[in-house]
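Taking it in order: structure first as structure tokens, then the write-up.
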Amino acid sequence: MVSLSFILCCVLVSSCAYATIVSHDGRAITIDGHRRVLLSGSIHYPRSTTEMWPDLIKKGKEGSLDAIETYVFWNAHEPTRRQYDFSGNLDLIRFLKTIQNEGMYGVLRIGPYVCAEWNYGGFPVWLHNMPGMEFRTTNTAFMNEMQNFTTMIVEMVKKEKLFASQGGPIILAQIENEYGNVIGSYGEAGKAYIQWCANMANSLDVGVPWIMCQQDDAPQPMLNTCNGYYCDNFSPNNPNTPKMWTENWTGWYKNWGGKDPHRTTEDVAFAVARFFQKEGTFQNYYMYHGGTNFDRTAGGPYITTTYDYDAPLDEFGNLNQPKYGHLKQLHDVLHAMEKTLTYGNISTVDFGNLVTATVYQTEEGSSCFIGNVNETSDAKINFQGTSYDVPAWSVSILPDCKTETYNTAKINTQTSVMVKKANEAENEPSTLKWSWRPENIDSVLLKGKGESTMRQLFDQKVVSNDESDYLWYMTTVNLKEQDPVLGKNMSLRINSTAHVLHAFVNGQHIGNYRVENGKFHYVFEQDAKFNPGANVITLLSITVGLPNYGAFFENFSAGITGPVFIIGRNGDETIVKDLSTHKWSYKTGLSGFENQLFSSESPSTWSAPLGSEPVVVDLLGLGKGTAWINGNNIGRYWPAFLSDIDGCSAEYHVPRSFLNSEGDNTLVLFEEIGGNPSLVNFQTIGVGSVCANVYEKNVLELSCNGKPISAIKFASFGNPGGDCGSFEKGTCEASNNAAAILTQECVGKEKCSIDVSEDKFGAAECGALAKRLAVEAIC
């Protein structure tokens with residue numbers, strides 16, 4: 001008995017020894033009593049594969065992040081009430097342990113409303129279909145379900161001892177999400193709801209602080225935080241709450257038909273440096289890796305399958321240079337200043353014209369920022385006896401208040417130019433061979449046969465429970481020969497919120513309609529021939545992601561809302577027959593999905609591309625549909641929806657883990673509107689060339705991401721002009737041959753590092769101009 005007690009005591013002491021105390025004061029998050037500068041990045045586990053997670057998280061750490069932040073996706077984990085899924089890339093615990101194994105912290109945003117451009121904001125549609133349900137307010141049914149899911153997630157994480165208070169990586173947890181943006185629409189019920197959220201979260205006793213983002217009135221002890229492109233002017237609602245930024249948008253999401261969003265590297269860096277200049281101490285990038293909206297997870301509506309987000313890591317996990325490298329350099333500088341930023345006394349010097357210097361002073365030393373918020377005018381100032389040139393819309397950082405170590409507008413990191421290459425698998429045929437199987441729709445077109453029947457037009461979510469993008473609405477109309485609506489000039493008029501609509505009368509396709517993004521309520525009308533006797537009307541409603549944002553967004557309709565009319569015209573007379581209360585039959589989905597034809601071995605087969613570079617499938621020539629690789633749903637495709645030459649891409653991510661490295665691979669396509677698959681092909685994506693434009697007294701680092709540098713296309717030290725791919729020599733140039741030096745130092749190597757100085761490249765008579773080394777290398 002004595003021996004057993006001793007063993008139990010040792011276990012308890014050992015467990016407690018590894019616990020981390022996470023708290024906060026008005027200056028910073030504290031870890032084991034020490035104030036910390038914390039830099040975090042969002043990586044959503046379902047938007048990549050389990051095989052990608054270690055590399056993505058490792059690159060986050062190598063980018064000098066401290067933490068990885070993720071949402072928890074309710075509808076992915078509980079697609080059917082009380083039936084849970086944590087398999088594959090939904091294995092939240094495995095993801096959190098991967099973060100832990102890399103020695104990083106975790107930030108767990110449970111929500112469980114997530115927005116995130118995710119289908120229905122992460123809410124399961126069965127929740128909407130519960131009687132009397134209202135989302136995100138003091139609705140008993142909603143609060144019960146939210147508490148059930150939140151508690152389940154917390155208990156799962158506790159069981160694996162993953163909160164910092166248990167020795168795990170999670171230092172912060174989040175309840176709700178951006179509710180402050182919509183709280184006004186809910187009145188007093190909204191205020192009561194957010195108080196309930198705080199009380200419920202606090203009762204779960206996770207042992208780390210809870211945060212609420214975009215919630216100015218977040219109840220204590222919740223920490224309110226900021227989301228946006230810039231949060232330097234944000235002020236917490238409590239003097240004991242540190243200044244925290246949970247979403248620094250590194251780019252933006254993409255809509256079908258839209259252009260690729262882009263946020264400059266310089267602007268992201270400026271926003272971060274400005275935030276820390278103005279007393280911020282926790283910052284998270286949304287996104288650090290965006291990834292892919294596999295299957296039907298994209299929300300919106302009209303959010304694309306790619307969720308690249310112009311993040312520091314691209315959709316495939318490649319370094320998005322120069323964004324990744326320029327931010328890493330910023331992180332290193334901020335970490336080096338951690339003590340002065342979190343403990344120093346703060347003073348500010350105003351130079352006018354939107355230029356300020358901020359000094360953080362401790363007994364050991366000082367660190368300084370010089371910020372120029374003027375968007376057009378560079379600044380030349382004298383600060384503490386030294387002259388500094390600060391470009392417009394930039395921040396210079398002086399860790400010792402003397403030497404400028406970093407400026408947000410001066411990029412010294414390489415730019416990587418990514419290229420796509422054809423599949424070079426051994427013995428791969430130049431074209432794919434295809435087999436075809438048509439979708440069997442006779443039962444719905446000619447018989448109007450469905451799974452359920454009601455005398456009402458229902459919202460698609462109610463009938464389909466979001467089990468499919470596709471819902472058939474069918475009715476049979478008996479017209480007598482003397483019916484006044486019958487005639488030569490007839491049409492079918494449909495009031496609809498379907499994102500895409502196909503209409504059939506008596507088995508004939510009379511037309512289709514695709515809505516413009518944002519204009520989801522419309523009237524479709526098309527000429528149609530009706531006959532005396534029975535006429536079968538079949539409408540196929542298609543959704544392209546359910547709404548994920550807004551007050552009461554659960555009430556945004558999808559499908560055939562009605563009314564539906566047969567219109568007859570006889571001279572100047574218009575006769576209208578309302579079919580809205582007819583007997584309507586409903587059928588969810590398509591037979592090919594139900595019969596799992598996507599797992600068939602009969603469609604096109606091909607060999608996996610050689611090597612380890614990311615793989616894409618180019619679906620140019622196709623219309624709209626869904627694609628599967630070896631039974632894995634890689635998401636919706638819609639190359640036919642091109643707004644202009646800068647619009648949607650026809651290339652879709654195929655994770656390497658979906659491929660068979662030996663033997664054949666199977667591609668299955670469901671093509672909805674028709675297309676030509678002869679152009680479909682597989683490609684790999686890798687670094688084709690790298691460029692750099694590095695200021696003197698910095699280090700040039702070139703890397704071809706595991707491939708050798710094969711040639712130096714351009715090199716000049718002085719004041720070269722142009723951009724990557726079009727560099728040209730300037731008015732002054734160093735005496736030594738820069739191209740020859742770089743050829744000797746770099747060609748044949750996977751990476752190289754060179755000091756940019758006159759000692760290396762020779763004198764350049766450039767006067768007062770800042771000297772730079774411009775390089776373009778071929779990989």
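Glycine residues also receive a Cβ, built from the backbone N, Cα and C atoms like all the rest.
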**Q.** Selected residue, Swiss-Prot feature N-linked glycosylation site, from candidates ASN233, ASN248
**A.** ASN248
Q: Between the Cα atoms of ASN555 (N-linked glycosylation site) and ASN248 (N-linked glycosylation site), find the distance and write it as a whole number of Å.
A: 29
Q: Could you measure between ASN148 (N-linked glycosylation site) and GLU178 (active site, proton donor) for me? Cα positions, answer in whole angstrom.
A: 21
Q: Please spell out the DSSP helix, strand and coil residue counts for the domain 'SUEL-type lectin' (694-779).
A: 13 helix, 30 strand, 43 coil
Q. Taking every protein chain shown into account, which of the glycosylation sites ASN374, ASN555 has the largest tally of Cβ atoms within 10 Å of its Cβ?
A. ASN374
Q: Could you check what DSSP calls ASN374 (N-linked glycosylation site) once collapsed to helix, strand or coil?
A: coil
Q.
Taking only same-chain residues 6+ apart in sequence, whose CB is under 8 Å from that of ASN345 (N-linked glycosylation site), what do you get?
A. TYR360, GLN361, THR362
**Q.** ASN489 (N-linked glycosylation site) to GLU178 (active site, proton donor) - Cα separation in whole Å
**A.** 52
